[in-house]
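K.L.:
Below is one structure. I have some questions about it.
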Amino acid sequence: MLDPMQAFDMEGFRTATSSLLVPTTSPTPSVAPIPTVVPSVPTYETIGQSGKNTLWVVFVIMFLSTLTFFYLAWRVPVQKRLFHVITAFITLFATLSYYAMAVGDGNALAHTVIREAHNHTPDTFEHIYRQVFWARYVDWSLTTPLLLLDLSFLAGLNGANILVTIVADLVMVLTGLFAAYHNDGAAKWGWYAMGCVAFLVIIYQLAIPGHRAVSSKDAKTSKLFAAIAGYTLIIWTLYPIVWGIGDGSRTWSVDSEVIAYAVLDVLAKPVFGLWLLFAHGNNAATSVDGWWSHGLSSEGSIRIDDDEGA
């Protein structure tokens, strides 16, 4: 029972009952905090100063090579200018391509999206924009068929084999271009695989029909074809490797990719051209008569007189 004397002790009453009215511990939240996803900043992979300087250096090399090859062509009779003219056009197209890239033209950003899955939060996406020089692929679509024509004429390949080789080469270049701008990983490497198959066709045409055709020529031409064709195929094999490390997997920076392609282009075009012209340019077997030297003959042409049918 409550002591009557304590009925008037309100202060003691409040003290005795305060623990019943006020909670002694702080409440804990029953709902976990909602996870948030902060969008990532896009990544831009573009050319730097070293890459730009490289483009200008190679432009000068290609330009001087073009002047050299046209000068060498001017010094020989028209019957012997076949390899000179083809080789000069190779470096001429390369000169235009490198000038376009050096001044900032002939490129576009390839957009790649990388998806990262998470267990308890929404998936995140990383957006990567890499600078791809489509002018390089235009260059290759013009210069590599001409390079193959040099090798085909040197070996003496027939028209059917030359056509197959040129078409395979164009397929190789175009599939590389499609792969460079594709943002889906599986499809990108699918295009890359198609380009590699086309390159195998080129290797076959030069190694089997090419060797068979050149074997009927003199020993000097046969040895030159074996050496320069082997050299070309080795250089060309490095291109898809650089592509896979550069545009394919983006392991290399754009500058590293530009420098690697620059070295390969110099080896595959000016060095190739100088070797071919100085080793075989004055050979009597390179003389081409017919329409190349004399134009189309009027023999067999159909003449329509002004007064015919009058």
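Numbering starts at 1 and runs along the chain as it is shown here.
Glycine is no exception: its Cβ is also placed from the backbone N, Cα and C atoms.
As listed in TrEMBL for this protein:
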type     : residues : note
TRANSMEM : 54-74    : transmembrane segment
TRANSMEM : 81-101   : transmembrane segment
TRANSMEM : 162-183  : transmembrane segment
TRANSMEM : 189-208  : transmembrane segment
TRANSMEM : 224-246  : transmembrane segment
TRANSMEM : 258-278  : transmembrane segment
K.L.:
Do at least three CB pairs under 8 A connect the transmembrane segment (162-183) and the transmembrane segment (258-278), leaving out pairs fewer than 6 apart in sequence?
P.N.:
no
K.L.:
Mind checking which residues reach the transmembrane segment (189-208)? Cβ under 8 Å, same chain, six or more beyond either end.
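P.N.:
Apart from its flanks, the transmembrane segment (189-208) reaches 148, 151, 155, 157, 161, 164-165, 168-169, 171-173, 175-176, 178-179, 182, 229, 233, 236-237, 240, 243-244, 248.
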K.L.:
With pairs closer than 6 in sequence left out, are the transmembrane segment (54-74) and the transmembrane segment (81-101) joined by 3 or more CB pairs under 8 Å?
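P.N.:
Answer yes, regions in contact.
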